[in-house]
């Protein structure tokens, strides 16, 4: 019994467009950038109004459905509820989110000062920003005078 050539018998041609390049051929492409290390001291971003709502919604949903173990069900129910709320009903969550955002902007500004300026001077810089220039200069002169007195005592 003679068999005709099947597809398996025919040697495959390497299609350059479809083949996956491995080894040194791939190295000729752009090198992949590695992620920058995440700073553990950097403040977390504030939650949006929806996430503020979801914190409260999860608690009430868990009380109504104690046997539910699925996270996706809670998320879908929360999303549907959020969509059905009117602007007036969303207002308290939007206000809380705005409050969290203002706190975050203050924290991130202080964090960025520490990163660029360096170290422990950030707290002193915040105090100086609230005072006028003359008050700041007066404080500096008082501190210098007290240091001189301490040195004279020794």
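Positions of Cβ are set from backbone N, Cα and C atoms, glycine also.
Curation does not apply to TrEMBL; its annotations are automatic.
Keep in mind the model is a prediction, meaning the values are calculated, not measured.
Database features (TrEMBL):
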- 1-49: region 'Disordered' (REGION)
- 1-42: compositional bias 'Basic and acidic residues' (COMPBIAS)
- 42-113: domain 'HMG box' (DOMAIN)
- 61-89: region 'Disordered' (REGION)
- 78-89: compositional bias 'Basic and acidic residues' (COMPBIAS)
- 111-154: region 'Disordered' (REGION)
- 137-154: compositional bias 'Acidic residues' (COMPBIAS)
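Model confidence over the domain 'HMG box' (42-113) stands at 95, taken as the mean pLDDT rounded to a whole number. Here the region 'Disordered' (61-89) has, by DSSP, the following mix of helix, strand and coil residues: 21 helix, 0 strand, 8 coil.
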